[in-house]
Amino acid sequence: MKNSSVKHTLTPLQQSLFSQLNDIMLVDQRRLSARIHGIGKIKSQEAQQAVAAEIQQQIEQARLRVEQRKSAVQNPIVFPESLPVSQRKVEIQKLISEHQVIVVAGETGSGKTTQLPKMCLELGFGNLGMIGHTQPRRIAARSVAARIAEELETELGGLVGYKVRFNDQISDNTQIKLMTDGILLAEIQNDRFLNQYSCLIIDEAHERSLNNDFILGYLKQLLPRRRRDLKLIITSATIDVERFSKHFNNAPIIEVSGRTYPVEVRYRPVVEEDDQDQLQGILNAVDELQAEGRGDILIFMNGEREIRDTAEALQKQNLKHTEILPLFARLSAQEQNKIFHPSGLNRIVLATNVAETSLTVPSIKYVIDPGTARISRYSYRTKVQRLPIEPISQASANQRKGRCGRVSEGICIRLYSEEDFNSRPEFTDPEILRTNLASVILQMTALGLDDIEAFPFVDAPDERHIQDGVKLLEELGAFETVQTKSGEKRLLTRVGRQLAQLPVDPRLAKMILSAVNFGCVYEMMIIVSALSIQDPRERPQEKQQASDEKHRRFADKKSDFLAFLNLWRYLQEQQKESSKNQFRRQCQKDFLNYLRIREWQDIYHQIRLTVREMSLPINSEKAEYQQIHTALLSGLLSHIGLKEAEKQQYLGARNAHFAIFPNSVLFKKQPKWVMAAELVETSKLWGRMVAEIEPEWIEPLAEHLIKKSYSVPLWSKSRGAVIADEKVTLYGVPIVAVRPVNYGAIDPTVSREIFIQSALVEGGWNTKHKFFKENQRLVREVEELEHKSRRRDILVDDRTLFEFYDQRIGTEVVSQKHFDTWWKKAQQKDPELLNFEHSFLINDDAEQVSKLDFPNFWHQGNLKLKLTYQFEPGTDADGVTVHIPLPLLNQVEMTGFDWQIPGLREELVIALIKSLPKSYRRNFVPAPNYAQAFLSRAVPLEKPLLDTLIYELRRMTGVTVEAEHWNWEQIPSHLKMTFRVVDENGKKIAESMNLDELKFNLKDRVQESISAVADDGIEQSGLHIWSFADLPQCYEQKQRGFSVKAFPAIVDEKDAVGIKLFETEFEQSVAMQQGLRRLLLLNVPSPIKYLHEKLPNKAKLGLYFTPFGRVLDLIDDCIACAVDKLIADFGGFVWDEAGFEKLRDFVRENLNEVTVDIAQKVEQILTLTYQLNQRLKGKMDFTMAFALSDIKSQLAGLVYQGFVQKSGYDRLPDLQRYLQAVDKRIDKLAQDVNRDRAAMLRVEQVQQAYQQLLAKLPKSKPISDEVAEIRYMIEELRVSLFAQQLGTKYQISDKRIGNIISQY
């Protein structure tokens, strides 16, 4: 309202000044208009006059400038009549004068690019402002400016100038300004209304570049609102010009035809069914065209590789008077120039689609069009720029056809059908529909054009592409979303404003900004400027190896980016030491494009200038690898890659899979993590310009983008906190596969619940708080009752305990550390706040458990063994466990354990009754009643449980149950005692339900433990006389509160004796017999001499019948037997020195005679054995085979090495009788084999039962004398069956032996 009132109240002075502004330049009009408005704010009349005079002077100066601009064009402007556009000059100038916007359509060569600016200049549009003329490429802007200046006969940079990125040839007198569309776009930021221009020519609009489409959209808004005086001329090839007209309210179109000749179109589709491919189709087309007559051929190809393959195939054709010329963007300037300098030979030009509209290849008569091209297309799915090969549009196909109608009639061969052509889209999609829009969106937002969706583009971009552009800018930190009353609004951040200031792609700009934080701005400016241009390193087709060797000097082992830094340093050194021409030649030798090097340097200096203007610090110290690549990474977060196992590819953002491009230094190395400057899809998705990175660099840069997921949180006792495994991903790439994190900060509620349950309820934490220890003690007491009674209903459930703590503990407590802080204050108010009461832990309906039924200790003699209870069905130690200290294992007997503890005894008896076969079990139904009756009568532990049970059941029912009928396998494991042997710290050594098995397996360890607790000196070795103290028959030692009992004995060491402690009295007895015998033999004269003197010759000869080695060994066996007899005759073992001396004298006195006596008996045994063996060697009937085999087995068991001592003196006569019985059996065998067989079967049955008994006996115990006697009872049975006439030692039968065996 204030501004409008000012306008309506202009003073006469102001009105006078405003009336003079129409004749001065637009920029001056805007500047002075603001000053004239300012006069109205000055109160002093005198001051107003002074300012007005100053403004008047500036108006005069501005008028003078306009006059100078008018007079700058002195010569008449010439328009070449040969150009089609010149012939329409009057019509075109009339349209320009009458309309704000016009569209000029014409093919390349019509002259519109060079003549339209001259027409506008002639109309005077250069007087009050510049005639702006945009070109899609920098080289075109420079060359067109030079051409127009030449035609106007003026110096470049004066009347005609140009401005491209980082190169400005403009002066105050410039009226025609050539520039790239990117320059005009950048100028809009500082000159939003384009006041420096009176006319704009947007050339090559048909290319539909992103910049051009944005400029046209911007002008669509600007012209009718702010710049009705601004003229706009849109030039285009004859492609979809109506679209431009409609965009500007049906602006008039004038079509200027180029100089063209008729072109014949021939369709020669490649037929796959005929095994014909595109290359063969091209070769066929070349043959067909050469047959038409001489003329240059232009063949359109998809890319560099196809061009080289086709060139190689054509060279093999040996075409006469023909040269083959490639044309593509990466080609060196020298090779490109060959196209424009005919050599006189027929030329075949192989070109990419750059030759469609942007570049005129002269003298083309024929065109071969395969109908495809690589078209840059943004993939919404993968978020990468693809370069797929696609069928070209009809408009592009017609442009290609038009290349050959310029100099004469031409022929265009299309390698596809006419139907294919007619089915194709009419026009190629504009760039805005197939590219990432991040840069445009950033610039628009910086210009205040926030509503991108409403912006009047010629063709509105895909909404998804807009969102992707926004997401990329969010990735770079350029945008932030704020909540307003009207909803969410996207605002430019400080970083975003800085990105918009830097004249490079947003990704590259982000790298420079990040370099500030990492101290590598200098290096980043070099790399970013290199990434902004085409690679200056050239690789000519015929010199690939040589160029590769030159470029390899600059390579870095880990990064393609660092090659630019190395190259930059090299170029700086070369420039210092060389003149300009020398440097140019050196670049050529090094296969470096000189113009691109200059462009690189120009861009670097422009970036450096911008960086300084933004006051960003530039480092002077050299940056390290990590600094540089972390800064690069900040702009390439969606271009990271994780190596996939066993594949030559990487997992990229959004599940993309890409490979490293073959020209990378990392192509063969394939590190685990990489980043790529760009991802481009051709035959596959390639990562170009790659470097090795570390995953830990990523997360700090991508905090706003990463996603975190967590495993199920668990309590960590060691950390005293709730921990979860965190997985960190960036666009789906796992940058942290797994790491433990404190879950308390992530979800306090869940963490508090887990803390209470795991730490307080379940006890899983390390703490010294008194309340907790007391609570745990009370819980253990109640749990022990549950284990004892094998019930789960005594202790209150975890939920009750959880609620107890939950109601009392602060909500902020999520870990042990938090608890300690809270409890320090809380206990001051109520120290017993968290204490359990015993009654609180017991369920109201739980029955009481008697300590008598479930004792804590088992008493056996003087032993007191700890009992523990475990109610864990299915586990090894389910039930009652007896804890036996290792040194006491030898003292514990199985006696009594079969009765179980009182609390389980009834259940055990019931289970035993139910284990009986049905024929017996039915006599004791119901089993619980009989179990109760049995327990009321029996005296526990007095006799073995089964013996007592058999007796009582027989008393109650009259039914006798045999021992073998009880099936212990069916008895539940918890009813069987578990024996656990423990070390001195109570730690388990071994565990089993078989006590004898434990004793056998741990025998050596028990022996070691007994020796370990013995007094020094009690165990000895290397003794030859009784030089030691009296031996106690039982040795006891206290250890850790229990009595360790052992049994010392003299042990045989062959040449000496020793003293050793044994676990049992039986082991002591066996060892003492051998040890005492050896000590006596060491202290009495040997009887061998006496034996030689007194033994009859016959007896001596008989001894030689021994089949067991040396006769001396047999004699030693006899002597040992004699000593054993004398010890027994003396009264047994002696335990002191005095007793030993008496025994020694007794043995010395009687040893000779007893030895001779034994030797004579042994001679008779050996002689008889020899005779029997001789009889067995004779011929026998086959029917006697089983009997003879049995006899041989019997003889081997009677007479063997060491049989004399082992049998003993009293058994020798029996051995002789047993052998005589064998002789009688052999006599009878021939008479009645069947009778022998029947008797042998009776013996075999008894022998088999005896062997089963031996297998069943505990391994930990030696065989008792009683069991050993059964072996001789079987020999007596043989005498009774085979030689009854010899008589037996006592009454014997197989039944009697069976009854004795069954008792075990």
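Glycine residues also receive a Cβ, built from the backbone N, Cα and C atoms like all the rest.
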Handout entry: Segment assigned the feature motif 'DEAH box' in Swiss-Prot (from 203-206, 503-506, 955-958, 1287-1290)
Key = 203-206
Problem - Overall pLDDT for the domain 'Helicase C-terminal' (281-448), taken as the rounded mean - result: 81
Practice task
Identify which of the binding-site residues Gly109, Gly111 has its Cβ surrounded by the largest number of other Cβ atoms within 10 Å, counting every protein chain shown.
Solution key: Gly111
Fill in the blank from the handout: Other C-beta atoms within 10 angstroms of the C-beta of Glu107 (ATP binding site) total 23
Completion exercise
Ranked by how many other Cβ atoms lie within 10 Å of their Cβ, the binding-site residues Gly106, Ser110, Lys112, Thr113 are led by Lys112
Fill in the blank from the handout: Simplified to three states, DSSP reports Thr113 (ATP binding site) as helix
Practice task
For the motif 'DEAH box' (203-206), give the DSSP counts of helix residues, strand residues and coil residues.
Solution key: 2 helix, 0 strand, 2 coil
